[in-house]
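The domain 'AFP-like' feature in Swiss-Prot is assigned to 3-62; the stated evidence is sequence analysis. Marked as site 'Important for ice-binding' by Swiss-Prot: Q8, N13, T17, Q43.
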Amino acid sequence: TKSVVANQLIPINTALTLVMMKAEEVSPKGIPAEEIPRLVGMQVNRAVYLDETLMPDMVKNYE
């Protein structure tokens, strides 16, 4: 299963857009790639670096 990975540096409190995210096979696994449409508009609660895997605790109100 692919996970959501940052396609660029995403500053803290930024609302996610499609261009900021990509799907990749990573370990450890993060948020599943099929969640990308749901993540659009949600804010990150810390800076996320290029190629960093998005984990559930990095996205505000993600459950």
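Glycine is no exception: its Cβ is also placed from the backbone N, Cα and C atoms.
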N13 (site 'Important for ice-binding'): secondary structure state under DSSP, collapsed to three categories: coil
List of residues, in chain order, with Cβ under 8 A from that of T17 (site 'Important for ice-binding') and at least 6 apart: V40
Neighbour tally for Q8 (site 'Important for ice-binding'), based on other Cβ positions within 10 Å of its Cβ: 14
Rounded Cα separation (Å) that holds between Q8 (site 'Important for ice-binding') and Q43 (site 'Important for ice-binding'): 15
Listed recorded sites (N13, Q43), ranked by Cβ neighbours within 10 Å, top entry: Q43
Rounded to the nearest Å - Cα separation of N13 (site 'Important for ice-binding') and Q43 (site 'Important for ice-binding'): 5
DSSP-derived helix, strand and coil totals, residue by residue, for the domain 'AFP-like' (3-62): 13 helix, 16 strand, 31 coil
